[in-house]
Amino acid sequence: MTGWIVLPISLTVFSIPGIWIVYAMAVMNHHVCPVENWTYNLTCTDDNTKAGTPKSCCTLEDVPLISKCGTYPPESCLFSLIGNVGAFMVVIICLLRYSQVIEVSQRSWLNTTALIAGCTNAAGLVMVGNFQVDYAKSLHYIGAGVAFPAGLLFVCLSSILSYQIAASALDYWLGHLRVSLTIVALISLVLSGVFFIQESFLMQHLAAICEWIFVLDILVFYGTFAYEFGSVSTDTMMAALQSSSARSCKSPGSSSTSTHLHCNAERIAMI
């Protein structure tokens with residue numbers, strides 16, 4: 001058992017309540033309408049709703065998409081913080097998971113692709129969190145267009161890798177759980193995209209709900225790594241470094257055995 005088990009749990013525990021707080025602040029500040037509202041108007045006159053209570057008149061601009069919830073201050077400040085801190089945690093989790101797979105299995109293109117997808121997901125999160133949709137729409141949509149598909153690709157590949165390195169019945173059970181979460185993520189992301197491009201009030205509201213389901217699902221998926229991270233040690237990161245060093249030592253036409261002996265001799269000489 002190591003302290004790394006706290007990392008994926010922290011990402012889930014920090015991010016899920018965090019974005020709900022952002023949503024609650026946006027609703028109370030009349031920046032979006034509550035998710036349970038299904039009635040929208042083309043236009044609204046001055047809304048006389050009291051401060052601290054949800055809006056009574058909603059338009060298409062008030063649909064509670066996650067991006068809209070984090071557009072205006074003060075909730076935009078918390079939204080950016082969650083995006084930045086969450087992205088940093090995602091990168092560390094992806095690096096640890098990459099190293100852990102190498103430690104128990106051989107290097108594979110699936111593992112490398114999963115690492116790239118996870119880091120790309122983190123980069124997109126930074127853009128989404130720091131470029132609000134109403135002020136930098138192009139950059140915000142680029143970030144979302146990068147973060148969401150990359151996040152989906154990461155969970156897909158991670159689910160496959162879970163089965164490849166499974167060693168116990170509990171490992172396979174966790175693989176089944178991750179596949180279920182991946183299916184939910186795939187369906188919700190596709191539906192969110194389909195609904196979002198429609199101009200109907202109902203479709204836009206459904207897009208917001210699907211977007212929330214997707215994000216919450218991905219955060220829960222990251223939290224499942226707490227199970228494997230209990231076995232992370234100093235040898236875990238060294239496994240990735242040694243694998244990289246071994247590959248860099250290889251030269252065309254040289255045998256595997258002679259190459260390893262040559263590299264080991266070089267390391268000893270350096271010491």
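Each Cβ is built from the backbone N, Cα and C atoms, and glycine gets one as well.
According to Swiss-Prot, the transmembrane segment annotation covers 4-24, 76-96, 109-129, 141-161, 183-203, 206-226, on the basis of sequence analysis. Feature annotation from Swiss-Prot assigns topological domain 'Extracellular' to 25-75, 130-140; the stated evidence is a curator's inference. What Swiss-Prot lists as N-linked glycosylation site is Asn37, Asn41. Annotated topological domain 'Cytoplasmic' per Swiss-Prot: 97-108, 162-182, 227-271, in sequence order.
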For Asn41 (N-linked glycosylation site), which DSSP three-state class applies?
coil
Any same-chain residues 6+ apart from Asn37 (N-linked glycosylation site) with CB under 8 Å of its CB? Would you list them in sequence order, or say none?
Pro54, Cys58
Local confidence of the topological domain 'Extracellular' (25-75) - pLDDT mean:
85
What same-chain residues lie close to the topological domain 'Cytoplasmic' (162-182): Cβ under 8 Å, and 6 or more beyond its ends?
101, 104-105, 108, 110, 152, 155-156, 217, 220-221, 224, 227
Count of other CB atoms lying within 10 Å of the CB belonging to Asn41 (N-linked glycosylation site):
12
